[in-house]
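Student: Shown below is the structure under consideration.
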Amino acid sequence: MTTEAKCPFLHPAGAGRALQEWWPERLNLHILRQNAPLSDPMGEAFDYAKAFNSLDLAAVKKDLEALMTDSQSWWPADFGHYGPLFVRMAWHAAGTYRIGDGRGGAGAGQQRFAPTNSWPDNVSLDKARRLIWPIKQKYGRKISWADLIVLTGNVALESMGFKTFGFGGGREDVYEPDESVYWGNEAEWLADKRYSGNRNLENPLAAVQMGLIYVNPEGPNGNPDPVAAAIDIRETFRRMAMNDEETVALIAGGHAFGKTHGAGPASHVGPEPEAAGLEEQGLGWRSSFGTGKGGDAIGSGLEVIWTTTPTKWSNDFFKHLFEYEWELTKSPAGAHQWKPKGNAGAGTVPDPADPSKRRSPSMLTTDLSLRFDSIYGKISRRYYDHPDELADAFARAWFKLTHRDMGPRARYLGPEVPKEELLWQDPIPPVDHPLIDAKDVAALKAKVQASGLTVPQLVSTAWASASTFRGSDKRGGANGARIRLAPQKDWDVNQPAELAKVLVKLESIQSEFNKAQSGGKKVSMADLIVLAGCAGVEQAAKSAGQDVTVPFSPGRMDTTQEKTDLDAMVVLEPIADGFRNYLQGKFSVRAEALLVDKAQLLKLTVPEMTALVGGLRVLGANFGNSQHGVFTKRPGTLTNDFFVNLLDMGTEWKPVSEEREVFEGSDRATGTPRWTGTRVDLVFGSNSELRAVAEVYGAADAQEKFVQDFVAAWSKVMNLDRFDLK
């Protein structure tokens, strides 16, 4: 017998063909199991906010500032200063954020993991993170990688003479890649199958090619056309929550520092970190060109230095952009870039590795877009003529870039949090009055239940308010009661006419209650909407024979229309909400996958998602009072009927059309129609994992457990944005 045959462990656990490879259309429920407590080495008891607040932030910044000019032989600093490298590190960590689903960004330290740690656009950032490891090691649990990466970018800017807008900590690390993020379906780096028609970029993507943070710096698909590149820039930055002025400020401000790297052909560069050998210890892109570092470094393939002072804040970027005329050239690696005509500016720019050498300024195709695009050009000229405006705009845009995915200001930690309230932070006033107590809660529930509002109305309104929350960028939720305001009050999914009726009655209850109070006690509409939903759930459970008390914590406040950014709020509108059996139109993605996507944004587990769908169906919370999935003869009553009837083998299901979006369930023996259901409904009987959970709730002894689990999941969603309770 051979040695190989004798060995009982020829293949490790988990090896072999993955289930998704056998069945590519299989519903991916893994994204509802990410970051489980068992995978977190810090343990459930760890309080990061408390740890961060005990940190001597000034000491950390002092250590970071010392690091800026402490060049290491294994990865020497360009121009003797690591500042530009660290600015790029923070920028590229935050720059993965996109408004479409709120995913990406710097909020969890994802740059440490695949795929972004190995994107072509992130070459050498593995070294940047390794350079700050001694500081992370020194301060340990008191500062997360996520916070340290952003803070390092801030200190880098400050060490180069730039005044930043501020810094808020509070980004808690995770310890695994975020597999919920759709980065595109391309199978090769820098491919761009994400476009259709006349360069229509697939939602929710922002970057133009697989493995890029933003746009191709050489121009669209490498075509060095600054005007065409401006179209890509505008669309990409818009999808990252930046307007034209912020976009110009970010590009110009960022390119006031440092350089790009293209000393030689990319053929000299080794595999990225995720593909590199064990001996590389998590580093990648080892280069065989010259020394492979310093002046010989290869990154993007472009070899551009924008200013005469690449480690000092200046307005040189715009000075060069406008004062020189530019002609196309190529980098040593063969990439398209631009140089001043007639060798203007020769000898005015320092060499990154040899102080005795001088170079000429250069520009990227996308830099020239800021001059030759008609809109960007006017903004750029104004910033050139008014450098103080540029400094303020860049400081604010940088703060927005690095904090956009952190949610409300209430989550910011530390002594450098700006006092100014910014519209993009979705501001909500602080509590300024005594809150309602248990006696008030009971009285208000009684008022709600006597108001004539139905269980479906109460439940649907509370769900519509709370379920806008996105765990990705911590936006949305019931706090603020923005469901009363544009644009939420007019969203199709919220059934505006029906919503208005509910809000009028709740506002009447609120007004009557508040007028009757002394000492300034009030109930906000934000609290009352949630409380009314809880009352509806309790009423529905009582109708099923169970007395339950749905947990309720007052403390939400009402915001105003003036404090609501209409453009920023639009992206929260659901195009699909499987919990309400709502689809805005036809999509290439299956409805059940959109349900799982929504559940992940709501931070739900598989059982929580299952309980909520089953409960909301029998409570009549469907959009447009649709009967799809209402598998009960007792609507408005909180029963496990959805699961009992879905799992009934006496029902035979058939699609009602070739689109296979809606199905009819008929008596298997007589053919008499019983129910109709959507893909979202039937997946709980079709998918093996979801069926296993549905069978728990469909059992003869499951009614009490189902109600308990539904109430727990409901309460979780109602409180997702209550960061003050966590």
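Cβ from N, Cα, C; glycine included.
Model, not experiment: these values are computed from the prediction.
In case it's useful when we look at the structure, here is the feature table from Swiss-Prot:
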type: SITE; residues: R88; note: site 'Transition state stabilizer'
type: ACT_SITE; residues: H92; note: active site, proton acceptor
type: BINDING; residues: H255; note: heme b binding site
type: REGION; residues: 335-362; note: region 'Disordered'
Student: For the region 'Disordered' (335-362), jot down how many residues DSSP puts in helix, in strand and in coil.
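Tutor: Result for the region 'Disordered' (335-362), in helix, strand, coil order: 3 helix, 9 strand, 16 coil.
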Student: What does the structure give for the C-alpha distance between the residue listed as 'heme b binding site' and R88 (site 'Transition state stabilizer')? Integer Å is fine.
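Tutor: Spelling it out, the Cα of the residue listed as 'heme b binding site' and the Cα of R88 (site 'Transition state stabilizer') are 10 Å apart.
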Student: Within 10 Å of each Cβ, count the other Cβ atoms, then let me know which of the recorded positions H92, H255 comes out lowest.
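Tutor: Output over recorded positions H92, H255: least Cβ neighbours within 10 Å is H92.
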Student: Excluding near sequence neighbours, so keeping only residues 6 or more apart in the same chain, what lies with its CB under 8 A of R88 (site 'Transition state stabilizer')?
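Tutor: Correct list: L125, A128, G254, G258.
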